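**Student:** Shown below is the structure under consideration.
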Amino acid sequence: MSSSVSPLAPKTVPDMPVIAGVRLATAEAGIRYKNRTDVLLAVMDKGTAVAGVFTKSKCPSAPVEWCRAKLKGGKARALVVNSGNANAFTGKTGRSSTALTAKIAAKAVGCSESEIFLASTGVIGEPLDATKFDGVLGRLAETAEPGDYLAAAKAIMTTDTFPKVATATVKLGKAKVTINGMAKGAGMIAPDMATMLSFVFTDAPIAPAALQALLKSGVEDTFNAVTIDGDTSTSDTLLAFATGAAAEHGAPKISRASDPRLKAFVKAFNQVLANLAEQVARDGEGARKLVEITVEGAKTKASARKIAMSIANSPLVKTAIAGEDANWGRVVMAVGKAGEPADRDKLSISFNGIRVARSGARDPDYDEAQVSEAMKAPEIAIKVSLGLGKGRDRVMTCDLTKEYVAINGDYRS
């Protein structure tokens, strides 16, 4: 957790409404540091549906493995999140810690261990002492209230400089339903199916299979379209919980993701995911500039995504942006190395709406002073036009600064 807030942080924080069927509490358990809030417990009412997407890393954390196994049941009563220790690459000890944490949480909440979901973030490779949860989770279960999402978001931060929350309210049938979300990120972010840690709660009555389909679809153009440093975490987890409490106020029970009554809900749900994903990009470690990369005219959307990610993950592109240099040559390099169809002589590039390259060469109207001034902006939009087809996609990233090196060089110390 940084002491200075990113200059890209949102100027305002939304008021997070209560969601019926969800109670939250946080505590200091001394997971890695003293005098730091590092545990979150979310308690959900019986019958709450759960869905999740996770890292595709071949070295997943013990909590990720636990959640994947329990997701099959489709129901959740509690979520336990700790910061400071990822419980990843910890072998049998890590799996035992996960099992013990779930056992303690189940006893505290009064449910089956199969209804407990877990997430950990922090240092990889160090054993997690799950006995630190003993007593703590019991107290949290007793004191949990349907309230402070901002405090909950703070509890899961590591190198984040600000808590990330988002909310939306929408009609489902004749009833109002609420969607609240929180996330943490900052570094080791190049998601594949999920990203970092993020948790979304709603009172909509949506069945587990339908919620899973909505989540899997929703992450594709939100969390999966964000990268900070090209490194996919061992712990990436996105969980969604639907308490169904809005059914008491007339919200229809939804069993299929294709139900037309979900149209407005899906839009709001995806907006919450997009909001959280952008906040993650805004809080990239050491970031001073938010970068949006759009690739159009590709053969396919998938091809456009791959090229956009190649640009977004290029250290040379990212450091040029940090230096406020519209170095389109580095963008050309990143396009060429992506391994996707591209024609040098059809390529056009612009920075913040100013075209710098056209048809494979520098734009004849290029004005160095104009472009240099545009690069001073805190938000940079790079557009690449390939001229090959109709494929288009957009990804978010940030610049790469000296602060990123300092943060990660000192991470374990």
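One-based numbering along the chain as shown.
Glycine is no exception: its Cβ is also placed from the backbone N, Cα and C atoms.
Since we're looking at a predicted model, the values are computed, not measured.
The following feature annotations were taken from Swiss-Prot:
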BINDING   THR158, LYS184, THR195, GLU285, ASN408, SER413  substrate binding site
ACT_SITE  THR195  active site, nucleophile
**Student:** Using a 10 Å cut-off, grab the number of neighbouring Cβ atoms around the Cβ of GLU285 (substrate binding site), all chains included.
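**Tutor:** Its Cβ shell of radius 10 Å holds 27 other Cβ atoms.
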**Student:** I want to check the contact list for LYS184 (substrate binding site): same chain, sequence separation of six or more, C-beta distance under 8 angstroms. What comes out?
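**Tutor:** In sequence order, SER83, THR121, ALA153, ILE156, MET157, THR158, ASP160, LYS164, MET196, LEU197, SER198 meet the Cβ cut-off.
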**Student:** Would you mind checking how many other C-beta atoms are within 10 angstroms of the C-beta on THR158 (substrate binding site)?
**Tutor:** 23
